[in-house]
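Quick notes on the structure that follows.
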Amino acid sequence: MVKVDRPPANNFVATARKIYNPIGFAKGYNFILWMISAGALLGFSLARLMYLDFDNIFCPADQNKANALPGECFYYQDTRGRVGILLHLGAILPACLLAFLQFVPAIRHKVILFHRINGYLVIIGSFTGMAGVLMIAEHSFGGGLSIQIALGLALIIFLSCICIAYHNIKRLQIEQHRAWMIRAWVVGGFIITMRIIGITTDKVLVALSPEQYFVSYSCSEISFMLNGNQSVLQSLHPSCTGANPNHHVLVNAFSANGTGNVDQAAAGLDISFSAAAWLAVAIHVFAAELYLHLTPAESARLRRVSYQRQLEAGM
């Protein structure tokens, strides 16, 4: 438990200290920043552990019960898509849970061996999970070029930060290791903000009903969304006769005159997430630097520790 010499300003602070002092925080604002960033990552990961039951929860046979975005499971039927999404979920979700433990001060200070071993597991899980992303990015969130580049940029930033952090800890530059790991996981958490922005954008545009947004889907993909109901498919898109499953049709994403069915919902979400991804990446790059700017005392403390460790190691 962290010992604080300053008496609490009031009863609220005294009560709060009983919560954050035992897990290693000396200052309340550090705990709040940690809860916002690491807590969100933990909650998001725990909520998605059920997706590891892939065939029953994430992509069941009945697409009306699927938890993936409408139409995404269509691309997880082949070997590459299925392996990619399972590799991603199976690696990155445990990595996120373990990463949460890496940012608990009490663990870092008192259980150093666990922190080191756990760190290697987090790195392995991160790289493995990102390999899965590369396999499915072509069709994730609609698979448009814009979303692919946004995902690629976030992936490069995430893995680059982890590599730099690993190099820093090998050089006993502990404060830099902390900074780059914070950058990695704050940027990696953009996927949470992207969903919030994407879903909000979709709801706003559905309410506004603009006419100019369209997405192209193959007849076979729309048929998959409709659980293979050919009569409904033809009523929505008469050119989807079944003669050419690869025939593509345009789906109006938000118009009140659209199909009003799952294909229109898919189109709206695909467009919204494509824009949301870029905004979320930008927000999280800024948030990482803001976090570091707001915690200079910890950086200064670790800089002193780094200097002492380097002297002891003869560096």
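Note that Cβ sites are derived from N, Cα and C of the backbone, with glycine treated the same way.
TrEMBL does not curate its annotations; it predicts them automatically.
According to TrEMBL, the transmembrane segment annotation covers 31-51 (among others). Only residues 6 or more beyond the boundaries of the transmembrane segment (31-51), in the same chain, are considered here, and those with a CB under 8 A from a CB of the stretch are 16, 19-20, 25, 57-58, 67, 89, 93, 96-97, 99-100, 103, 182, 185-186, 188-189, 191-192, 287, 291, 294-295.
As annotated by TrEMBL, transmembrane segment applies to 85-107 (among others).
Same-chain neighbours of the transmembrane segment (119-137): 75-76, 80-81, 83-92, 94-95, 98-99, 102, 143, 147-148, 151-152, 155, 158-159, 162, 166, 169, 184, 188, counting only residues six or more beyond its ends whose CB sits under 8 Å from a CB of the stretch. For 119-137 (among others), the entry in TrEMBL reads transmembrane segment.
Residues or ranges marked as transmembrane segment by TrEMBL: 149-169 (among others).
The transmembrane segment annotation in TrEMBL covers 181-200 (among others). Through the fold, the transmembrane segment (181-200) approaches residues 37-38, 40-41, 44, 96, 99, 102-103, 126, 141, 154, 157-159, 161-162, 165, 269, 272-273, 275-277, 279-281, 283-285, 287-289, 291-292 of its own chain, all at least 6 residues removed from its boundaries and within a Cβ separation under 8 Å.
As annotated by TrEMBL, transmembrane segment applies to 275-294 (among others).
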State the non-local partners of the transmembrane segment (85-107) in its own chain: residues 6+ outside its ends, Cβ under 8 Å from one of its Cβ atoms. 1-2, 22-25, 34, 38, 41-42, 44-46, 48-49, 51-52, 54, 58, 76, 114-115, 118-119, 121-122, 124-126, 128-133, 135-136, 181, 185, 188
Do any residues, 6 or more residues outside the transmembrane segment (149-169), come within under 8 Å Cβ-to-Cβ of it, and if so which ones? 119, 123, 126-127, 130, 133-134, 137, 140-141, 176-181, 183-184, 187-188, 190-191, 274, 277-278, 281, 285
